[in-house]
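Peer 1: Dumping what TrEMBL says about this protein:
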- 138: active site (ACT_SITE)
- 292: active site (ACT_SITE)
- 322: active site (ACT_SITE)
- 60-207: domain 'Alpha/beta hydrolase fold-3' (DOMAIN)
- 252-325: domain 'Alpha/beta hydrolase fold-3' (DOMAIN)
């Protein structure tokens, strides 16, 4: 549908996609105070439970998914209300700037700046400074991981209590990991779209998508360097039983690398952060879905965190697919496993 409209020149595919996903305005929530504010010039929506609380509440900073290209405060309104109500937490949903109009690092910087502003003004919201968690799904999980890494060694701010990464995308080196082959055509995120979104975020266009999918965008020596972290060898065998055929890497193309070399920056691909950073990270919750091209990104990061002594709670939806949490109570339909995933997040928060 979007492509047809783009060909007829009515609007671009992305504009159409944003329109379709924009979410409906919801009425008043009897249990929450909801207000739109700006944190350091970044639009945010703050959800505060109305019930009186014995002490200070936990705070959650939420970054929405949508491939850095789609998504808004309204799209994730139901999810944020649910998390705030069920975990009795103050939730701050962040409206970071979107690609392709705003390229990397705009989204990351907005998320970081909004988080720092919240941490510095935490007493206004009745939040315990020792209990603030960053949380995000998909591209939002990428942003949460990047913000968490950046804040890991900041001594001037309270330490984050935890990070919650819901089927995060964490690397753009290898689009041929087992989950990329097994789920290449599974909605809501096809293999090609994953590379398309990463390139839109990085460069504001999807040129060289084919070379990136084939793996000719990374020099052999760098591939070797990162192999200790990004490799099918680090994925448990049970995840490889569904048809995986190893691909022969194609020849490296230097011109392509020149346009995408920032894929090696941890603020863009958090899986590539050094151990010195990873071992300082807070307790982590990672949710993965079996039928998701990004499944292995989550599994690889889980291993890295555990190897560095970080406590990880892992929740795997055997029947889940990418984007299932954002479909919670969406236009009147919902998936039981999406609700289970959302409740696993709430239960983790309550345990902190």
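Backbone N, Cα and C define each Cβ position, glycine as well.
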Peer 1: Determine, to the nearest whole angstrom, how far the Cα atom of residue 138 (active site) is from the Cα atom of residue 322 (active site).
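Peer 2: Residue 138 (active site) and residue 322 (active site) have their Cα atoms 8 Å apart.
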Peer 1: Round to the nearest Å and give the CA-to-CA distance linking residue 292 (active site) with residue 322 (active site).
Peer 2: 5
Peer 1: List, in sequence order, the same-chain residues at least six positions removed whose CB sits under 8 Å from that of residue 322 (active site)?
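Peer 2: Spatial neighbours, sequence-distant, of residue 322 (active site): 138, 167, 183, 186, 187, 188, 189, 289, 291, 292, 293, 294.
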Peer 1: Out of 138, 292, which of these active-site residues shows the lowest number of other CB atoms within 10 Å of its CB?
Peer 2: 292
